[in-house]
């Protein structure tokens with residue numbers, strides 16, 4: 001009877017694992033097929049077409065993966081959580097996975113224009129494969145309920161991002177970005193593995209559920225043995241490693257250089273998508289595994305990291321003259337806000353963090369769509385990676401619609417009322433005040449005001465900086481449909497970093513314009529009708545943690 005019972009348990013475990021992994025299994029099979037297809041086709045000399053074809057196929061694969069994920073949601077309607085010993089899926093996981101897949105689809109759709117240019121110096125069809133591998137790592141990471149699965153998922157994600165950061169091998173900045181990202185990422189992976197090893201040595205446990213029970217029981221007994229010290233140090237090391245991945249201070253050193261050196265479309269991917277997946281892992285660890293030692297061990301570290309992120313992100317960007325480096329410091333500041341939402345330890349504060357990061361993703365998509373349209377003009381997506389704030393001079397005269405779009409996005413990021421960014425920051429600060437973190441809330445407000453300076457500085461360039469070079473080229477384009485060659489020859493040294501092609505609306509694809517418009521529409525709509533996002537996040541968190 002014991003043998004039969006064990007067999008039944010094993011079959012149930014296997015069935016749960018397969019059910020949970022249906023989208024990931026499909027994604028793995030698709031990646032292998034696309035890789036084989038790319039290898040065979042590229043040998044036949046079709047490298048220019050294959051890159052675009054694989055990107056389109058990658059988008060189709062992700063759409064099917066999303067449908068399979070939503071099909072699993074129907075399975076767990078009557079069950080809050082579908083668990084195995086190493087994997088689990090719940091409403092929160094499905095929500096976050098959906099955000100990851102949809103955002104990746106949008107970024108891949110913008111990538112299609114890169115491959116459309118036949119003179120583009122990209123000879124690596126593996127770009128889409130690496131994006132799909134990184135997505136696979138994120139999906140597994142969100143469902144992980146075991147230290148080993150967690151580590152392997154993070155490494156699957158990280159290794160793909162290292163290669164993507166240095167994807168432009170002929171560019172010095174891209175190579176430097178990839179190398180720096182690899183070194184810092186390798187350090188964080190070592191810290192993560194050491195933390196997992198300490199916990200396993202101290203407890204002999206790898207899965208999250210049993211580890212949570214162990215920590216909870218020993219917290220009640222209030223023992224202070226070497227095993228408990230090992231668990232505390234191990235949990236702290238794991239959180240430090242995750243802060244590296246999130247680019248939270250003081251582990252943010254790699255972010256500005258990697259943002260600047262990587263091609264714009266790749267910067268958009270690893271600046272937006274992995275953060276919500278890693279944040280979900282962090283929430284799972286805090287609220288489900290390390291909650292018994294959170295207040296005594298982890299809370300001071302989280303307060304320190306969150307406040308330092310807000311401070312460094314606010315002050316570090318003040319003197320920046322490069323657009324993508326400024327976005328990097330802005331992201332560090334936003335990560336501080338997201339971490340502040342985890343400090344009170346209530347479900348309401350947790351909901352505010354997810355509301356904040358979802359709105360952050362939407363705003364970042366808007367900003368990078370603008371960057372892709374204006375700076376790259378679809379011809380230099382992988383060639384020029386450094387853009388200056390001065391490049392935005394007189395933008396309001398050349399492209400008033402683009403200038404207005406970026407202005408609204410920047411006001412939202414800065415937290416100017418009544419835009420969506422203000423509402424999300426208000427929720428975070430309100431949760432801090434309601435839980436008696438008055439000093440932290442006050443400091444956060446102070447440095448948020450300082451951060452407004454560099455957002456307004458960008459707007460100053462667009463509306464109040466008169467760059468005569470741009471203005472004359474724009475007027476010539478309107479009158480003659482081209483820029484006089486004599487003028488260009490006389491002024492090549494003035495703006496050598498800027499593309500001298502005609503209006504950016506020529507040969508513009510529909511995809512980035514739709515992303516720019518739709519994200520702006522969502523941000524404005526949230527002001528008047530925030531209930532859908534509030535209900536989605538509330539339902540996901542309530543059904544997961546209660």
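Every residue, even glycine, has its Cβ placed from backbone N, Cα and C.
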Examine the ranges 233-253, 380-400 and name the one recorded by TrEMBL as transmembrane segment.
233-253
Maximum Cβ pairs under 8 Å to the transmembrane segment (326-347) - stretch from the list 265-287, 293-314, 401-424:
293-314
Same-chain Cβ contacts of the transmembrane segment (233-253) under 8 Å, 6 or more residues past its ends?
154, 158, 184-185, 187-189, 191-192, 194-199, 202, 274-275, 278-279, 281-282, 285, 289-290, 293, 297-298, 301-302, 305-306, 308-309, 311-313, 328, 331-332, 335-336, 339
Chain residues in Cβ proximity to the transmembrane segment (148-167) (below 8 Å; excluding those fewer than six residues from its ends, i.e. six or more beyond):
86-87, 124, 126-127, 130-131, 133-134, 136-138, 140-141, 174-175, 177-179, 181-182, 185, 189, 192-193, 196, 206, 245, 258, 261-263, 266, 269-270, 274, 277-278, 281, 382
